[in-house]
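Undergrad: Next up is a structure, given as structure tokens.
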Amino acid sequence: MTDVVPTTALSEIQLRLLCHDDIDRIKVLCGEWFPIEYPDSWYHDITSNKKFFSLAATFRGGIVGMIVAEIKSRTKVHKEDGDILASSFPVDTQVAYILSLGVVKEFRKHGIGSLLLDSLKEHISTTAQDHCKAIYLHVLTTNNTAIHFYENRDFKQHHYLPYYYSIRGVLKDGFTYVLYINGGHPPWTIFDYIHHIGSALASLSPCSIPQRIYRQAQNLLRSFLPWSGISSKSGIEYSRTM
């Protein structure tokens with residue numbers, strides 16, 4: 001790929017789905033972009049399995065960027081990220097997991113990464129519609145370039161994952177980053193409950209305060225004491241899948 005990239009490169013970018021014939025090229029690119037070695041089965045899956053959204057950005061016929069994501073049920077989220085969504089969401093609620101997003105070095109800062117991410121969002125809106133409540137990913141704590149990219153696009157750090165990666169036999173820490181969409185949100189903290197109750201009280205008329213306080217207190221107690229006599233929804237078990 002040429003080192004000379006025109007300033008109008010984005011206008012010449014075309015998007016298409018990855019296919020089996022791209023495997024050799026994306027193996028080279030992933031080797032340049034990521035410190036993790038993916039097995040051959042991974043490349044086969046992302047280019048043939050319809051459960052993956054695998055999109056290539058091409059410039060004059062050559063791949064210069066790609067994004068790979070999977071839209072799945074919240075019950076398929078790995079254990080360490082099981083609390084991405086509040087338990088109040090139905091079990092069939094979906095999330096999107098970004099497995100890979102990369103752009104050839106010479107083509108960075110031309111908007112290609114944003115184009116790929118926006119294409120994923122558009123795909124979600126047309127397939128999962130409003131059933132998908134979050135987009136999330138994992139990143140090395142030392143990958144400041146990627147962290148800044150996602151933070152500038154409203155992703156928030158959700159978890160610190162010590163020793164999450166094994167890179168050439170060395171354990172490395174990671175972060176989980178999440179972008180909430182379509183009304184998605186994480187489990188509430190005690191401060192969220194206090195803020196919610198305070199906002200509710202501020203909007204009440206004086207004569208309705210006693211009943212409203214009782215209902216708010218009952219809901220708060222239910223959230224913290226699921227073993228009490230107050231009925232509560234059962235928790236969801238999360239399984240690790242690939």
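Cβ coordinates are placed from backbone N, Cα and C, and glycine is handled just like the others.
Residues or ranges marked as topological domain 'Cytoplasmic' in Swiss-Prot: 1-192, 237-242. Per Swiss-Prot, the feature domain 'N-acetyltransferase' maps to 13-182; the stated evidence is sequence analysis. Swiss-Prot lists Y38, L99, Y165 with the feature substrate binding site. Among the features that Swiss-Prot reports, active site is placed at Y97, H138. Annotation comment: Swiss-Prot describes L101, G102, V103, K109, H110, G111, I112, G113, S114, N143, Y150, E151, N152, R153 as acetyl-CoA binding site. Summarising the annotation, Swiss-Prot assigns region 'Required for homodimerization' to 162-173 and lists similarity to another entry as the type of evidence. The feature intramembrane segment is assigned by Swiss-Prot to 193-236.
Each of these features: where is it, how hidden is it, and who are its neighbours?
TA: There are 18 other CB atoms within 10 A of the CB of L99 (substrate binding site), with all protein chains counted.
Over all protein chains present, the Cβ of Y97 (active site) has 19 other Cβ atoms lying within 10 Å.
In the three-state DSSP classification, L101 (acetyl-CoA binding site) falls within a strand. Just so you know, the Cβ of L101 (acetyl-CoA binding site) picks up 21 other Cβ atoms within 10 Å once every protein chain is counted.
Cβ neighbours of H138 (active site) (same chain, under 8 Å, six or more residues apart in sequence): L161, Y164, G174, F175, T176, Y177.
With a threshold of 8 Å between CB atoms, the same-chain residues lying at least 6 positions outside the region 'Required for homodimerization' (162-173) that come near it are 35-36, 80, 138, 140-142.
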Undergrad: Validating a neighbour-count step here. Other CB atoms within 10 A of the CB of Y165 (substrate binding site): how many?
TA: 16
Undergrad: Would you please pick out, from the binding-site residues Y38, V103, H110, S114, N152, the one with the fewest other Cβ atoms within 10 Å of its Cβ?
TA: N152
Undergrad: Per DSSP, what is the residue tally for the region 'Required for homodimerization' (162-173) in helix, strand and coil?
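TA: The counts are 0 helix, 10 strand, 2 coil.
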Undergrad: In the same chain, which residues outside the set Y38, L99, Y165 have their CB within 8 A of the centroid of the CB atoms that define the substrate site?
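TA: Leaving out the recorded residues gives F34, I36, W42, S100.
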